[in-house]
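Annotation source TrEMBL lists transmembrane segment at 50-69, 75-91, 103-127, 186-206, 237-259, 266-286, 292-309, 409-428, 479-499, 520-538, 558-579, 644-661. Per TrEMBL, region 'Disordered' is recorded for 328-369.
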Amino acid sequence: MSDIVYNCVDPDGGIRCAESCVSLDACNDCNCAFLDLSDTGGPWGDFMDVFFCLFPIIVLVITVTVPRFMLPTTVSLPLAAFLMFLVRLAYLGSDPLLTTASVILGLLEALTPLSIMAGAICLFETMESTLCLPFMMREIEALTEGHPIAELMLIFAFAYLVEGASGFGTPAALSAPMLVRRHYPAVESVVVVLIFNTFATVWGAVGTPLWFGFQSLEDGISSATFDELLLTISSKAAVALAASALVLMPLILTILVPWQHVLSNILFVYLSLLSTIGPSVALAHINYEFPSLIGGIVGCMLSAILVKYKVGMTHMDHSVAEEQEISFTPNPEAAEDTSNAGEEVTGTGNGESKGTETENVAPENAEGLHCEKTKKLMQRQLSRREETASFHDSLGPRKTYQEGYLTDVFLRTFPLWGVVLLLIATRVEQFGIKEHLISTEKYFSIHFGTLGTFRLSTSVVFEFRDIMTYPNLNWNYELFYVPFILPFILISLLTMLIFRKDLTSRPRDIAFVVLDRLKTPAIALFGALVLVQLMIQMEEVAPAFILGTVLSDWFQEAFVVISPLLGALGSFFSGSTTVSNLTFGSIQRIAAESIGTSSTTMLALQAVGGSAGNGICLNNIISACAVVGLNIGEGQLLLRTYKYVFATTTISTAIMLAFFFRF
């Protein structure tokens, strides 16, 4: 009996009353139920455990990235979830009640990203309909004079700010439509904002990925010690991500802008970048909640000043580019080879649409490709001039200061600053609003037999507890805390009210657009969240836990190399740095202790990997595509972003090995 370990759980309150018991009598003494966790793997050993636990993920990656086997995520994600369901029952021998309950929990959890997407789509459709978005585009045009580098760096700082205020994939959902509205290609715009988001997500919304994601590390230590631990993780991760951003940012910009233009504006790029990541790195050493938020705010202000006074910026003379295009006539065969070499299917798996990938081509075609990018840049400039003329027709000429220009700016930008202010007010605990939005004090409850118990709190938090009678398997949805009604729907309604005379679409039409945009991503997200719950439930019997434990045992010291990749994998399938840290945090600590290295550095690598993994996160990709109305295979976007994710984890690992791993 002493070889068997039981987890002791209070069946009534669902509260663990002991870490473990070594006998049934010990469980009976505290009047608890028990779960036998003595054998957490399958019957065929560690290697087959890893193979079967990874098999659904491997199938998912193949079906979203390999053209021959490509399937839309509306098929591939539910398929991967079904395969994981079979693995848990047929190989791991999981409790069928737990497995079924995990499926139910996953379906319920999908309501969170779906509602965020609905809110973001509603906001931007409202901004378009009330002419607020056209007004902002006109003002950005006036500030940047159409300078693409300036626009992209302002978007980077804005996305950084939104990540610090909200998280939940909101930055990509907010930033991608702004780039598309500026006539950047939709596919490349989504790719860029996904990569931008990888540098700020380590802190997420007011530090949630750290203080909540690593909550398992708090056991047995004081609150002050836990805070000190998180600060150390925060500071190390900040340095690693800052180094990655400094190396990769110029390359990221070339996705949308020719390298020649990036190089000629490199001083501005680095000044703007440092104005955002500099404050973040400094603050990360004394606080782990606000680095993204403060860095984004300071970055937006300083970048705007840099743009205003054209510090480090060179004028983009498109007449010169046009002369270069006219004077350069590439060999027809080379041109044909170039188009063929760069062409890549970007459909939904059925060959519906095609795009152009121009990154892996022969050197002899580089000049032709540069001209092609320059031509696209000129076409965007022409489209913007035409759009600016249409702005004057719909908005009228820009007002002078005496005519109320500042009032116009204040009101027309209300949708954005209103969203940011509400996000800050509802997430910063010092304002005292958050506690009233997330309170779980019971208002009433309904018992649904063995299915579970539904509860509604006084703060309108929906809960479904003890699903399928399984202790601690609970779902909750904080109606006024999840970024849906607050801020998106509320700000949308207020914007419609303020600009009701300018509305070009009825509110009902906007609602129909939202529902239509959500139809396809909803299926994919239901599959994704079911897969996540099947991967992470419950603790020692979870496939994710088995994977991490076995891999850390296999690799020993070399586990350092795959540590951030494990974090990225967690974000890939879960869509959340927080969930990635929750899933693999304790495993990373155990691995660090077993190989005798710095546990905070290993945990910082986990956090960096989880943050970088947002660039390949299917939830974020689906969300961004839905908001901009992009209908292509998500795997094509993943193939564009994964190299930057891998580069970030590689650079971060090198920084950690060089400076941090012995302390």
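Cβ coordinates are placed from backbone N, Cα and C, and glycine is handled just like the others.
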*asked:* Which residues of the chain, 6 or more past the ends of the transmembrane segment (266-286), have a CB below 8 A from one of its CBs?
replied: 149-150, 153-154, 156-157, 160, 199-200, 203, 231, 234-235, 237-239, 241-242, 245-246, 249-250, 253, 292, 294-296, 298-299, 302-303, 306, 311-313
*For the transmembrane segment (479-499) and the transmembrane segment (103-127), does the number of C-beta pairs under 8 Å, pairs 6 or more apart in sequence, reach 3 or more?*
yes
*Any residues 6+ beyond the ends of the transmembrane segment (644-661) with a Cβ under 8 Å from its own?*
195, 198-199, 236-237, 239-241, 243-244, 247-248, 251-252, 560-561, 563-565, 568, 597-598, 601, 604-605, 608-609, 612-613, 615-616
*the transmembrane segment (75-91) and the transmembrane segment (292-309) contact flag, 3+ Cβ pairs under 8 angstroms*: no
_Given a Cβ distance threshold of under 8 angstroms, which distant residues of the chain, six or more beyond its ends, lie next to the transmembrane segment (103-127)?_
81, 85, 133, 136, 168-170, 173-174, 177, 415, 419, 464, 467-468, 473, 475, 477, 482-485, 487-489, 491-492, 495-496, 505, 510-511, 513-514, 517-518, 521-522, 525-526, 528-534, 537, 575, 619, 623, 626-627
*So which residues does the transmembrane segment (292-309) touch in its own chain, when a touch means Cβ under 8 Å and the partner is 6 or more beyond its ends?*
143-144, 147, 150, 153-154, 156-165, 200-201, 203-204, 206, 268, 271-272, 275-280, 283, 424
_At a C-beta cut-off of under 8 Å, are there same-chain residues at least 6 beyond the transmembrane segment (520-538) that contact it? List them, or none._
56, 60, 72-74, 76-81, 84-85, 88, 98-99, 101-103, 105-107, 109-110, 113-114, 117, 470, 472-473, 544-545, 573-575, 579, 582-583, 618-619, 622-623, 625-626, 631, 634
